[in-house]
Amino acid sequence: MGSGWIEPPRAAHPAAIRLVGGPGRCVGRLEVLWEQQWGTVCDDRWALPHAAVVCRQLGCGDALSAPGSAPFGSGEGPIWLDDMECNGTEAELSACRTRPWGEHNCDHGEDAGVVCSGKSVGIIHRDLLPKSEFIHQGHP
Ligand SMILES: [Ca+2]
């Protein structure tokens with residue numbers, strides 16, 4: 001570990017992302033596609049500006065929270081990204097600074113989650129939201 005920052009990351013630009021394990025496509029565990037394999041992102045340094053980039057890339061509106069510790073369940077397969085640094089204005093997640101892809105000191109108990117304001121189907125856990133009155137209103 002610890003070969004330092006690289007910029008831009010060694011990934012196809014932009015790398016595909018998705019949110020899984022949540023009630024809809026705009027809430028869930030963040031997964032990134034690299035080398036034909038979906039992997040997760042570690043919650044080290046994970047924060048709202050990072051989630052803002054994810055929500056923007058997915059067309060899911062604003063970021064409401066950036067929960068860590070695998071709030072939408074632990075992923076499987078590789079942990080692709082760790083110690084990410086986004087300023088919140090990047091057009092896509094793969095434009096953020098990060099350790100080299102695949103290099104991390106995490107386990108899947110640290111998988112990062114994202115909650116976007118975009119409409120999702122179903123109920124989400126209110127502990128993950130900044131406001132308990134947040135309401136989902138049907139399909140995106
Ligand atoms: Ca780390």
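Including glycine, each Cβ sits where the backbone N, Cα and C put it.
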### Message
Check for me: which candidate out of C42, C55 does TrEMBL give as the disulfide partner of C116?
### Response
C55
## Note on the structure
Of the candidates C26, C42, the one TrEMBL records in a disulfide with C106 is C42
### Summary
Rounded mean pLDDT within the domain 'SRCR' (17-117) lands at 96
### Message
For a three-state summary based on DSSP, what are the helix, strand and coil counts in the domain 'SRCR' (17-117)?
### Response
17 helix, 36 strand, 48 coil
### Query
Hey, of C42, C86, C96, C106, which of those disulfide-bonded residues are within 10 Å of C55 (disulfide bond), Cα to Cα?
none
### Query
Distance between C96 (disulfide bond) and C42 (disulfide bond) at the Cα atoms, whole Å?
14
### Query
What is the interatomic distance between the Cα atoms of C42 (disulfide bond) and C86 (disulfide bond), given in whole Å?
14
